[in-house]
C-alpha cells in the first residue's frame, strides 16, 4: 500500500510536465483521466484509513481534512477547466498548487512531514537575520542611487545605470548570488576605478558575512527543531 501510494503521488505531481503549458504536452483527456485515477486512489486510501481508525480520531486529524479538501478542490478545478476549455475559453489549473498536500499529509510521508514541520518552525527564528539582511540591501541600494544616479552612466546595452531605486535593489540582490558579477559594476568601474570599493564592500558584507550567518542560523535551528520532533515522536 505504501509503494502504491508513493507511486500515485509521484504520478500526480508529474502531471505538471505534461499539462499545458508543458515540457512534453499530452492531450487534455489523457492528463485529466490520469489525474482522476490518482484522486480516486487517494480517496480510496483515505477510506481505508477511515475503516481502521476510530471515527472521532479520523475526523479530528487535520491531515485527513487537508487531503479531502485537496481532492475536492482538484475535482472542482478540473471540472471548471474542462468546461471552459470545451467552450474555447483559456484558463489555468490553479489546483496544481495543492498537489504537494498529498505528499505531505498521507501517513506514509511521516519523514517528509517532520522535515516540513521543522522548516515551518525554523522560519520565525531566521526572521530577524533576514530582516537585517534586507535592511543592509536597501541601504546599499540607497547609497548606490546617491553615488551613481546623477552621473548619467549607461550599461553596455545603452540603458540608464542605477537611476531607479527598485531596479538597483534587484541588481544588488542578484549580486548577492554573484550571478551578475562583475558586469553590474563595470559602468561605475569604467567611470572611476575607486567605485569598485563599493561593490567589494557590498559583496563582503552581504555575500560572505550575511549569507554565512543566514546559513548557520537556518542549519542550527532546523537541527534543533528536528531533534525535538524526533525526541517527542511527533508524526
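Every residue gets a Cβ built from N, Cα and C, even glycine.
Among the features that TrEMBL reports, signal peptide is placed at 1-16. What TrEMBL lists as domain 'Ion transport' is 5-224. Annotation source TrEMBL lists transmembrane segment at 26-44, 65-84, 126-145, 165-182, 194-219.
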Report summary line: In the domain 'Ion transport' (5-224), averaged pLDDT is 88
Query raised in the report: Excluding the flanking five residues on each side, which residues at least 6 beyond the ends of the transmembrane segment (26-44) place their CB within less than 8 Å of a CB in that stretch?
Result: 4-5, 8-9, 11-12, 15, 18-20, 67, 71, 74-75, 78, 82, 85, 102, 106
Query raised in the report: In the same chain, who gets a Cβ under 8 Å from the transmembrane segment (126-145) while lying at least 6 residues past its ends?
Result: 162-163, 165, 168-169, 172-173, 176, 198, 202, 205-206, 210, 213-214, 217-218, 221
